[in-house]
Amino acid sequence: MPRNADLERIRNIGIIAHIDAGKTTVSERILFYTGKTYKLGEVHEGAATMDWMEQERERGITITAAATTCEWRDHQINLIDTPGHVDFTAEVERSLRVLDGGVVVFDAVAGVEPQSETVWRQADRYGVPRIAFVNKMDRVGADFWRTVEMMKDRLGANPVPIQIPVGAESDFDGCIDLIEMCWWWFGGEKGDKPERREIPAHLREAAEQAREQLIEGIGNVDDQIAIAYLEGHEIGVHELKTAIRRATLHSLAQPVLCGSALKNKGVQLMLDAVVDYLPSPLDIPPVKGVDPKNGGEVVRHAADDEPLAAIAFKIVSDPYVGRLAYIRVYSGVLKAGETVLNSTKQERERIGRLLQMHANQREEITEMGAGGICAAVGLKQTFTGDTLCAPDAPIILESIQFPEPVIRVALEPKSKEDQDKLATALSKMAEEDPTFHWTFDEEAGQTIISGMGELHLEVIVDRMKREHKVEANVGRPQVSYREAITRPAKAEGRFVRQSGGRGQYGVVVLEVEPLERGQGFVFENRIVGGAVPKEYIPAVQQGVKEALQGGVVAGYPVLDIKVALVDGSYHPVDSSEMAFKNAGSIGVKEAIKKAGPILLEPIMKVEVRCPEEYFGAVVGDINSRRGMILGTESMGKTQIVHAMVPLAETFGYSTELRSITQGRASYSMEFDHYEEVPKNIAATLVKQAVG
Ligand SMILES: Nc1nc2c(ncn2[C@@H]2O[C@H](COP(=O)(O)OP(=O)(O)OP(=O)(O)O)[C@@H](O)[C@H]2O)c(=O)[nH]1
């Protein structure tokens with residue numbers, strides 16, 4: 001049996017956190033203690049097993065989410081490593097889509113950082129139950145309780161510490177378990193010999209108080225504990241653990257643990273908590289989808305005897321086996337050698353081999369049942385987010401939504417040979433990463449790549465050079481502006497050529513109106529009485545859609561617009577799809593011109609942390625970048641600045657920040673929303689576009 005645990009003994013979890021909080025180190029320790037790796041790799045010396053890609057090793061960041069299987073206390077844990085950097089949101093989104101529970105790792109010195117905030121909100125959206133691990137308790141400035149308070153303030157979470165630290169900073173010496181009321185001390189060279197000890201006398205009172213708080217915290221969200229508490233009953237270990245599990249599964253509370261992954265302290269207790277408090281596939285609601293035949297709702301339970309329903313959540317091109325698709329099975333059994341239906345594409349696909357991935361080895365398996373995660377070789381047409389199901393019981397599961405790229409860079413291959421290799425390389429990378437797009441601009445003879453931020457594209461260019469051996473000149477990063485309209489308008493689009501022979505005839509009347517931000521494009525057919533015959537309506541829609549790719553202000557794509565086809569006329573002989581398509585394009589451009597078109601630019605949410613003495617310089621610099629300060633906070637001697645800054649003004653920010661703070665500040669940045677470009681700047685952009 002590949003999925004060598006009963007369903008209730010499976011945990012599909014992700015380690016999620018801000019960059020540098022220690023996810024990779026924590027994951028490494030997990031694999032060590034669960035016996036899958038025998039050597040502890042030091043992340044930044046490049047030995048870490050999870051970070052297998054070359055740049056990940058060099059940069060010390062985890063870019064690709066890898067699914068890894070390990071065992072703990074007779075439970076199978078499928079560990080999905082997620083990247084911390086916001087430029088890789090797609091990785092986080094897709095992981096959250098298939099996780100059942102999360103371990104959120106915080107740095108005890110930095111507390112709650114912006115990416116933890118973003119991921120926390122994403123996890124809320126997907127209803128993922130969480131436990132928190134306050135890592136780096138050994139660092140100078142580590143503060144367990146401050147991190148717990150920040151979880152309340154910044155995340156609106158309900159953190160309930162189930163441990164308290166013994167000592168802090170260099171004196172950090174294990175954790176007090178508030179449920180069993182004992183001290184866990186981590187002996188052995190690798191912390192692999194935990195020892196259960198009496199709580200030290202000087203911490204007895206603090207532990208009693210913290211246990212009281214824990215019971216109160218759980219009592220606030222759990223009636224059984226509330227009643228036992230009010231009636232003054234002694235609450236037993238089992239009773240308390242079950243109540244914590246209930247509260248965690250319903251996302252009413254988040255158990256908080258502490259430790260130091262680097263110093264090998266606390267990780268085993270965190271694994272215990274994964275088993276004790278995070279959901280099995282049976283604890284999450286049955287998955288829902290639609291029947292592609294009639295659009296009706298279909299529900300699938302996590303059981304092997306239900307029809308197959310699975311989702312492909314990651315495609316990678318693997319150096320050994322080629323195209324590899326990571327798959328989460330929700331119901332039924334996925335079998336090697338069988339044909340399944342890709343219901344998203346309406347294509348049948350044959351599963352070649354199935355693999356279970358461990359950090360440093362892969363195991364060939366014959367099948368994977370409900371609740372499991374594995375990788376399949378041989379799928380040709382399946383992409384991220386596609387549903388795979390039984391051909392006779394089709395279902396389409398909700399796909400994974402990815403944001404549109406906001407930044408782009410032009411590439412010019414150095415030689416003819418590079419030119420040929422470039423397209424192959426970029427196609428491969430775009431297949432793996434849904435937030436990375438590329439196009440070839442015929443007019444300029446340039447290849448344009450676009451993505452979610454400067455770092456995102458830097459990594460792509462790096463991979464292009466190293467993995468695919470393509471040499472290219474890289475242009476300066478450019479903002480992907482958008483266009484939108486500000487008021488409704490109406491216009492006619494005529495495409496009429498009738499001078500001898502068979503002519504062209506298509507006339508449409510279109511109404512446009514602005515939609516709320518994020519709504520994209522909506523087309524409505526309001527023709528009554530056949531002013532435009534039915535068979536030409538898809539052509540009109542197509543013409544409109546193509547025209548929206550290049551707006552009237554400066555040629556950028558038009559967003560958030562509703563276009564209604566309200567009237568028109570046709571000719572019995574001269575009308576054609578081509579004529580109506582052209583009429584649609586002309587009509588929508590005319591309407592947009594009258595609808596107060598504007599240019600929009602991406603605005604980034606920025607958080608900077610710096611020592612007090614640099615606060616003025618940091619704020620001044622943000623102001624000079626058309627930034628808006630949203631607020632500031634202090635945390636000890638560190639100042640935290642929250643701001644919104646247009647993407648166009650953020651290029652090269654890391655270098656500038658380093659120079660004004662002598663390298664003592666850190667920042668994070670992510671796309672937040674689009675806003676109108678100020679008139680004077682828009683005028684320059686328009687001039688550039690025209691000229
Ligand atoms: N002092 C201390 N340092 C730690 C601890 N855990 C991790 N680190 C260090 O923190 C740095 C970041 O750790 P990683 O494990 O790479 O963090 P990450 O969150 O995976 O980072 P990304 O992959 O870049 O998102 C490394 O230098 C680690 O050695 C800890 O418990 N204590």
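If you go along the chain as it appears here, the first residue is 1 and each next one adds 1.
Using the three backbone atoms N, Cα and C, a Cβ is placed for every residue, glycine included.
Per TrEMBL, the features are:
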BINDING   17-24, 81-85, 135-138  GTP binding site
DOMAIN    8-282  domain 'Tr-type G'
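Structure with TrEMBL features highlighted.
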{"residue": "A17", "record": "GTP binding site", "DSSP (3 states)": "strand"}
{"residue": "K23", "record": "GTP binding site", "DSSP (3 states)": "helix"}
{"residue": "T82", "record": "GTP binding site", "DSSP (3 states)": "coil"}
{"residue": "M137", "record": "GTP binding site", "DSSP (3 states)": "coil"}
Mean per-residue pLDDT computed across the domain 'Tr-type G' (8-282): 85
Sequence-ordered binding-site residues from A17, D20, K23, T82, M137 with Cβ under 6 Å of an atom of ligand 1: A17, D20, K23
Number of other Cβ atoms within 10 Å of the Cβ of T82 (GTP binding site) across all protein chains: 24
